[in-house]
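**Student:** Per TrEMBL, the features are:
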DOMAIN    1-93  domain 'SPX'
TRANSMEM  195-216  transmembrane segment
TRANSMEM  228-251  transmembrane segment
TRANSMEM  263-280  transmembrane segment
TRANSMEM  286-304  transmembrane segment
TRANSMEM  325-347  transmembrane segment
TRANSMEM  359-379  transmembrane segment
REGION    416-438  region 'Disordered'
COMPBIAS  421-438  compositional bias 'Acidic residues'
TRANSMEM  462-488  transmembrane segment
TRANSMEM  494-513  transmembrane segment
TRANSMEM  525-545  transmembrane segment
TRANSMEM  551-574  transmembrane segment
TRANSMEM  619-643  transmembrane segment
């Protein structure tokens, strides 16, 4: 009854604020009609700003609703844990959809859509009317406040779990949103924004992914030519991931001070690494080959790419830039093997060998040299942002004064100090990840602090991310060895096969982002995708002799596509449930996910190299066993935390 009365209090407060916003819009509407007839440009600008202010009030109200919806979910999760009964799913489904339920007002956005529509329509109408009569000699019209409308729409999407392809794809970058964007912060980001710099930032992400996968079709042949076993290709491919484990941390820290310097350093290191990779053939040294790939991993600036988008792109462009980052990475993944397919020449120039093994290194060295020149000429270092310690203000009366929603809606009504202390006394382990109001603005300062902010459901999702990256790396890294042994495929055949797999990334994300994520709950898609990945791994085992091409291609396609669907849904869930403190600083959510995925690649590539000691005939089954075990374990973990994954 206590929490029921609290929910009722929230709902009544929500309706009261919606009514005041509606009244304000009604008065502005009357003024709107009069000013449209008078055609007074200065007053129209004031009216336009008034609509913007109402939009900000609505945004704060939506944040308030979201905070309390999260509070309700946390209470239900604690109930499940203490009573050892999965009551949450039943409770939310029955209460949130019942026509007489108070929860319906919290989990749905009844009445809010009308306010959003009124603000959007009138802003567009004002913009059109002003443009029709303002002279080129008059003061130019104020730009349409797209960031406000987009922020409101994103807040509504978070409440309803609805999405579109752009929003869905943008979340893959795991650039976590801050609690409530302010005009000053968005204005600062607009001043730091430079289109050419953003394009160069995305080009860095594209080239790095090309660099990662361009050697996959030829790594086994290169290892053999240097006197090593074909399965040493696992170490060759994986050495880049080993170095990336460390480079992600120092690049993330470096991006606190500069963006251009780490990008320049990254390009130089990658230029050196690819040159060493190519020269290893003439020096006949597997060690130079491995050192070259280690240098390539040390040049991984993906943490800088994410940070630049988060800090230097205005709010209304940030989702598009995030989607561009993911698309550039996916395109690079497909282009890497495709480029390798074209590099079939074999000649010498000044005693340096150029063939299918060394050309990937020379091509990427040239690409990074050209990129470095463009970076030096066109990239603009953003001005340093002044760091201001902003602490949340305490809640006050909760009234609207001068048309502004006051700070009471920035604090959830469900979390009083007494209730919080009582919850901590009863079940401390449930509250380890919850932040106090004083600490919510502070970024974490160590990997240990970041780990403490992870809830059990987030840890399970990081495990799922590890699993899918492990399975994908096993599939991609050993493809050349497996297909050569069983099917006698040429380098061109392997490259075409890998390129076709890579090209499925964007179509699959379009299908999931535009349709499946709106038809089913994300946790349902998550579990179904895990099962499909498990099915693909099972079908990949060599049980029937001879091992056939249709079996390999079909099972690989199921595994890869299901893993892509799983990655998208997994990162969407992570972006929604991770702590807001992980949206900034060195040890952010993007770094944690990158480290989990990179470690998975390291373990997968090490597995391939170690499995080579059992012989080529056992390589496939030996490498698939760990993938199957980790996949089954992640499915079990998902089932145990299923009710908390929403």
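Glycine is no exception: its Cβ is also placed from the backbone N, Cα and C atoms.
Help me picture where these features are in the structure shown.
**Tutor:** Confidence in the domain 'SPX' (1-93), given as mean pLDDT, stands at 71.
Using a Cβ-Cβ cut-off under 8 Å and counting only residues 6 or more beyond its ends in the same chain, the transmembrane segment (195-216) has close neighbours at 222, 236-237, 240, 259, 263, 266-267, 270, 274, 277, 293, 296, 299-302, 304-305, 308-309, 312-313, 321, 324-325, 328-333, 335-337, 339-340, 360-361, 363-364, 367-368, 371, 374-375, 378-380, 382, 476-477, 479-480, 494, 498, 502.
Within its own chain, the transmembrane segment (325-347) has Cβ neighbours under 8 Å at 169-170, 172-173, 202-203, 205-218, 305-306, 309, 354-356, 359-360, 363, 491-492, 494-499, 501-503, 505-506, 509, counting only residues six or more beyond its boundaries.
Long-range contacts of the transmembrane segment (462-488) within the same chain: residues 213, 216-221, 230-231, 233-234, 237-238, 454, 494, 497-498, 501, 526, 530, 533, 537, 540, 546-547, 549, 552, 556, 559-560, 563, 566-567, 570-571, 574, 592-593, 596-597, 599-601, 603-605, 607-608, 616, 619-620, 623-624, 626-627, 630-631, 633-634, 637-638, each at least 6 residues beyond the stretch ends and with a Cβ under 8 Å from a Cβ of the stretch.
Long-range contacts of the transmembrane segment (494-513) within the same chain, counting only residues at least 6 positions beyond its ends with a Cβ under 8 Å from a Cβ of the stretch, are 163-169, 172, 213, 216-217, 327, 330-331, 333-338, 340-341, 476, 479-480, 483-484, 525, 553, 556-557, 560-561, 564-565, 568-569.
Tertiary neighbourhood of the transmembrane segment (551-574): same-chain residues 163, 168-169, 171-172, 174, 458, 461-462, 464-465, 468-469, 471-472, 475, 479, 482-483, 486-487, 497, 501, 504-505, 508-509, 512-513, 516-517, 522-523, 525-526, 529-530, 532-533, 535-537, 539-540, 544, 589, 593, 645, selected by CB-CB distance under 8 Å and a gap of 6+ residues from either end.
Same-chain residues lying 6 or more positions outside the transmembrane segment (619-643) and placing a CB less than 8 Å from one of its CB atoms are 77, 80, 86, 88-89, 231, 456-457, 460, 463-464, 466-467, 470-471, 474, 478, 481-482, 485-486, 523, 526-527, 530-531, 533-534, 537-538, 540-542, 547, 603-604, 607-608, 611-612.
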